[in-house]
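Taking it in order: structure first as structure tokens, then the write-up.
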């Protein structure tokens, strides 16, 4: 790939100095957290429901991200000089993009699942079996991977022997991006705004419906609200910085193609936002704890088995059953009761 086809090709010294320690901390937090989550899902759970299937797929997405993280850390520690060749450059950026897309997809599915449990408890979506949820997850993975295949089909490594640079990037480096990279840009934008609007809708709808029915004080219904709000918070923290700086960089590249100083500054902000994207893998275990009582009890039981803790496991509370008799909220009540019966 000739340098004439590149746009403002240069290393990012600020990113190379700031990002490595952040990524190392996120790796050290995210890897054990997701290993514990994987162990609980595979060996400690007594039964599978649609919600736990979606959460398990979120764990898989995080492992894809963590598998490629050491290569990115090494790259930034070398002053953003990629030494692993073009093939691993493509694979690394592909895994980062797939993780982002898969995480957004399954966080959205978990939130929508909670929305139907609370607002439409008798909808047939609430009766999906674990096998059917697995089929939904398989379709989601197929769509995510297919939309990110252009990253494997295009050369992403930019090498300049004269400038002694070897840059592995997928964004804002092309003067005239090929069709595959343009698709990558469009997916990057769409996968943020569409799920974000859907998450906001689910959150507001759940809160308004429950307040109108005067059910927002029930403990288990409050937990359903917290799950959706937590997902919105994690979604915003991890992905909003990237979309904001990425769109700004692309706009400057298009509107002011010769202003490399401004473009390099915004591009560095975009690269720094990668730290927020990787933070997703460290925060997702919190979503597992809030989203599944089975996961919470399995985690508590695991700690209790070490002999150093004595955490009380949640049990079916007959008093709270009577509080949720209306149509709205019944799905959450039934789901948690069935989970607790399986423990």
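Cβ from N, Cα, C; glycine included.
Any TrEMBL annotation is an automated prediction that lacks curation.
Quick caveat, the model's predicted, so the values are computed rather than measured.
For reference, TrEMBL has these:
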DOMAIN    33-288  domain 'G-protein coupled receptors family 1 profile'
TRANSMEM  20-41  transmembrane segment
TRANSMEM  53-71  transmembrane segment
TRANSMEM  91-112  transmembrane segment
TRANSMEM  133-153  transmembrane segment
TRANSMEM  183-207  transmembrane segment
TRANSMEM  227-253  transmembrane segment
TRANSMEM  265-290  transmembrane segment
Non-local residues, at least 6 beyond the ends, that sit with Cβ under 8 Å of the transmembrane segment (133-153) = 49-51, 53-54, 57, 90-91, 93-94, 97-98, 101-102, 105-106, 109, 170, 179-181, 183-184, 187
Top partner of the transmembrane segment (183-207) among 20-41, 53-71, 91-112, 265-290 - counted as Cβ pairs under 8 Å = 91-112
Which sequence positions outside the transmembrane segment (265-290), separated from its termini by at least 6 residues, show Cβ-Cβ distances below 8 Å to it?
-> 8, 12, 14-15, 18-19, 22-23, 26-27, 29-30, 33-34, 36-37, 55, 58-59, 62, 65-66, 69, 72, 96, 99-100, 103, 107, 110, 171-172, 223, 226-227, 230-231, 234, 237-242, 244-246, 248-249, 252, 296, 299
